[in-house]
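Participant: Sending over a structure as structure tokens; questions will come in a sec.
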Amino acid sequence: MEPLATTLCPQECTQTTRNETPNETTWSSEHVTKYTYISISLVICSLGLVGNGLLIWFLIFCIKRKPFTIYILHLAFADFMVLLCSSIIQLVNTFHIYDSTLVSYAVLFMIFGYNTGLHLLTAISVERCLSVLYPIWYHCRRPKHQSTVACTLLWALSVLVSGLENFFCILEVKPQFPECRYVYIFSCTLTFLVFVPLMVFSNLILFIQVCCNLKPRQPAKLYVIIMATVILFLVFAMPMKVLLIIGYYSNSTDASVWKSLPYLNMLSTINCSINPIVYFVVGSLRRKRSRKSLKEALQKVFEEKPVVASRENEVQFSLPL
């Protein structure tokens with residue numbers, strides 16, 4: 001089993017450098033595969049870095065800080081970290097300048113950002129679900145700094161999980177067993193028995209509540225981006241986590257198991273890159289007659305306007321627009 005850093009490029013990448021006198025046809029085919037993959041990955045990462053960088057800038061300097069935007073800001077930082085570290089690894093594979101320290105830190109922070117994104121998306125889903133089920137509590141009794149405290153705790157949890165995964169499994173040429181297996185039992189429990197079920201269940205409740213309460217109106221934009229972001233994460237980012245757990249937990253040395261890792265990593269970078277696009281597209285909906293700037297679109301999608309309505313002398317809160 002090879003370290004993760006050496007498997008984040010198609011298998012042809014390492015085969016070519018190890019063969020000193022490869023056949024010309026084979027050499028050409030391997031290099032085409034290698035540089036095509038790296039080029040596409042770098043383009044995706046570059047676009048994602050620009051998009052998340054703009055999103056971070058707008059959220060810090062241009063958009064009023066709200067509970068939900070705090071989560072989105074931290075999620076953008078996590079996505080930016082994943083994209084930056086993935087770019088570094090691809091550049092190392094391109095120029096064959098293998099610095100073990102640089103690559104080790106790049107892999108560490110990439111996994112760190114990935115885990116943080118998973119944790120933050122779960123927190124976002126759960127909180128918005130609570131805001132639908134208990135609107136009065138959310139608007140009146142929610143702790144003022146709950147988002148900041150939650151993000152801090154989730155970053156700390158990601159430090160613990162990522163540190164254990166990297167120390168015992170990912171950065172080792174021969175992962176330390178049974179320690180590595182215990183680490184991935186812990187990671188697997190957190191991921192598939194805690195965070196993913198909470199994420200899916202919260203979004204299912206959110207979807208049902210939005211559809212039932214807003215008929216025949218369209219769903220609130222805020223909830224659309226939450227559900228879209230979660231679906232994209234489950235489709236594009238989760239497969240890499242599943243492969244890592246299967247590979248390291250089973251101590252697999254089968255090359256076929258790791259052959260798909262580079263492409264799953266590419267899907268993960270697509271997930272990190274597409275989130276700002278989702279925010280802008282959803283924020284621009286229903287604006288057919290006027291063009292809205294990026295700032296205006298983001299302000300529209302992140303705004304939360306509790307509307308007070310009276311029915312039988314009771315105060316009810318409508319969903320944010």
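Cβ coordinates come from backbone N, Cα and C, glycine included.
Features from Swiss-Prot:
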CARBOHYD  ASN23  N-linked glycosylation site
TOPO_DOM  1-35  topological domain 'Extracellular'
TOPO_DOM  57-71  topological domain 'Cytoplasmic'
TOPO_DOM  93-102  topological domain 'Extracellular'
TOPO_DOM  127-147  topological domain 'Cytoplasmic'
TOPO_DOM  169-188  topological domain 'Extracellular'
TOPO_DOM  210-225  topological domain 'Cytoplasmic'
TOPO_DOM  272-320  topological domain 'Cytoplasmic'
TRANSMEM  36-56  transmembrane segment
TRANSMEM  72-92  transmembrane segment
TRANSMEM  103-126  transmembrane segment
TRANSMEM  148-168  transmembrane segment
TRANSMEM  189-209  transmembrane segment
TRANSMEM  226-246  transmembrane segment
TRANSMEM  248-271  transmembrane segment
Participant: Averaged across the topological domain 'Extracellular' (169-188), what pLDDT does the model get? Just tell me the whole number, please.
Facilitator: 72
Participant: Any residues 6+ beyond the ends of the topological domain 'Cytoplasmic' (57-71) with a Cβ under 8 Å from its own?
Facilitator: 120, 123-124, 127-128, 142, 146-148, 150-151, 222, 294-295, 298-299, 302, 304
Participant: Count up the helix, strand and coil residues in the topological domain 'Cytoplasmic' (127-147) according to DSSP, in that order.
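Facilitator: The topological domain 'Cytoplasmic' (127-147) comes out at 16 helix, 0 strand, 5 coil.
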Participant: Is it possible to list how many residues within the topological domain 'Extracellular' (93-102) are helical, extended or coil according to DSSP?
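Facilitator: Final tally across the stretch: 6 helix, 0 strand, 4 coil.
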